[in-house]
Structure formats: C-alpha cells, structure tokens
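Enquirer: My questions will all concern the structure given below.
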Amino acid sequence: MSQLCPDVPGRPTGPVDVLLVAAVIMIDIDGRILLARRPEGKSMAGLWEFPGGKVEKGETPERALIRELNEELNIDVTEACLAPFVFASHTYEDFHLMMPMFLCRRWDGILTPREGQTLKWVKIQDLGTYPMPPADAPLLAMIRDFL
Ligand SMILES: Nc1nc2c([nH]c(=O)n2[C@@H]2O[C@H](COP(=O)(O)OP(=O)(O)OP(=O)(O)O)[C@@H](O)[C@H]2O)c(=O)[nH]1
Ligand SMILES: [Mg+2]
C-alpha cells in the first residue's frame, strides 16, 4: 500500500449517499469573492459558504445554480457566464458531498439575501479568516493560486 497517499481515517467503506450541490465563486470588479453566512436553523448555521444549493432530479448543475442564485440572491445568471472551475468531494457524517464549483463574473440584478443569509464581499487573501464548512477548506488554495 502506498505510504505517500495513505487512506483518510474515518472514511466509510460501505455504501454512501452522494449529494450533488452546485456552488459558485462570484467575483466582483475589484476581484473580491462573495461569501454567504448560513442562517440559524440550517445545517452548519453560522459558517460562511459559496452560494448555491442542491441539484434537483432532472437538473444540470448549471441549471440548478441559475435557479439557486435567483432563489437565494435574486440575481439572474446565464449558463454562458458560469465557467467550470474546481470541485469539492468530502465525506460528512451522513452523506458524501460532491460539489462542482463555477466561476461567475457577470450577473443581472441587485444582490439581495432572500433566505436570511448575511452576504459579504471578501478579498481573496482574507478568505481563510472566515469559518467555512470542512468541504470548502481544500478549495481556498486553488482559489488563491488560480485567481
Ligand atoms: N451552497 C453551499 N453548500 C455547501 C458548501 N460547502 C458545503 O459543505 N456545503 C453543503 O452542501 C449542502 C447543500 O447546500 P445548501 O444547504 O445550500 O442546499 P440548498 O440551498 O438546496 O438548501 P435547502 O436544502 O435548505 O433548500 C449543505 O449540507 C451544505 O452545508 C458551500 O460552499 N456552498
Ligand atoms: Mg444553498
């Protein structure tokens, strides 16, 4: 067995439920990134995340994201403005999260938090100072290195 890439301790070996979530790294004209603080009452309340949500049956990740951004932030995004970037793949206690992340620099409408979230534009170098869900941690280096 390779010692370079040892198994991650605690990883389940049996069947798991894979949850597909589409999320977005929105970038404003100053190069800042939008984070949303999950409201009380939701799982992982208080943590800062990238906007997005679950992909429903019959949806592509892109269409799910277009719907979620309208529902959560009241903005309109077109598929052409969503560029595939990185993904998160992380085992939580009761499901495995598969989360494709898209980049988006253009949208229509005025950002409005419609689901009780707090929104914040954050400089890339400050991203690490916001507590985020564990799945998001490996994304930060990618964002810093490639944006
Ligand atoms: N949107 C989003 N979800 C994330 C991130 N990181 C992460 O672990 N998740 C997890 O992905 C799961 C689904 O996200 P969500 O709660 O936004 O889904 P949703 O918008 O469809 O919400 P709903 O089920 O309340 O309608 C949650 O367990 C959430 O904690 C992230 O950066 N952005
Ligand atoms: Mg959501």
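Glycine too: its Cβ is placed from the backbone N, Cα and C atoms.
TrEMBL: automatically predicted annotations, no manual curation.
From TrEMBL, for reference:
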DOMAIN    16-144  domain 'Nudix hydrolase'
BINDING   Arg38, Glu49, Phe50, Pro51, Gly52  8-oxo-dGTP binding site
BINDING   Gly52, Glu72  Mg(2+) binding site
Enquirer: Do you know offhand how many angstrom separate Gly52 (8-oxo-dGTP binding site) and Glu72 (Mg(2+) binding site) by C-alpha?
Expert: 8
Enquirer: For the domain 'Nudix hydrolase' (16-144), how many residues does DSSP put in helix, in strand and in coil?
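Expert: Taking the domain 'Nudix hydrolase' (16-144) as a whole: 33 helix, 45 strand, 51 coil.
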Enquirer: 8-oxo-dGTP site residues Arg38, Glu49, Phe50, Pro51, Gly52: biggest Cα-Cα distance, Å?
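Expert: Largest pairwise Cα separation, rounded: 11 Å.
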Enquirer: For the 8-oxo-dGTP site (Arg38, Glu49, Phe50, Pro51, Gly52), what does the 8 A shell look like? I mean other same-chain residues with CB within 8 A of the CB centroid.
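Expert: Here the nearby residues are Ala23, Val24, Leu35, Ala36, Gly53.
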Enquirer: On a count of neighbouring CB atoms within 10 A, which of the binding-site residues Arg38, Gly52 is highest?
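Expert: Highest number of other Cβ atoms within 10 Å: Gly52.
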Enquirer: Considering only the binding-site residues Arg38, Glu49, Gly52, which possess a Cβ situated under 6 angstroms from at least one atom of ligand 1?
Expert: Glu49, Gly52
Enquirer: Which binding-site residues from the set Arg38, Glu49, Pro51 come within 10 angstroms of Glu72 (Mg(2+) binding site), judged by C-alpha positions?
Expert: Pro51
Enquirer: Mean pLDDT, the domain 'Nudix hydrolase' (16-144)?
Expert: 97
Enquirer: For Pro51 (8-oxo-dGTP binding site), list the number of other Cβ atoms lying within 10 Å of its Cβ atom.
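Expert: A count of 24.
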Enquirer: As a test of the contact definition, list every same-chain residue at least 6 positions from Glu49 (8-oxo-dGTP binding site) whose Cβ is closer than 8 Å to its Cβ.
Expert: Ala23, Leu35, Ala36, Arg37, Arg38, Met132, Pro133, Asp136
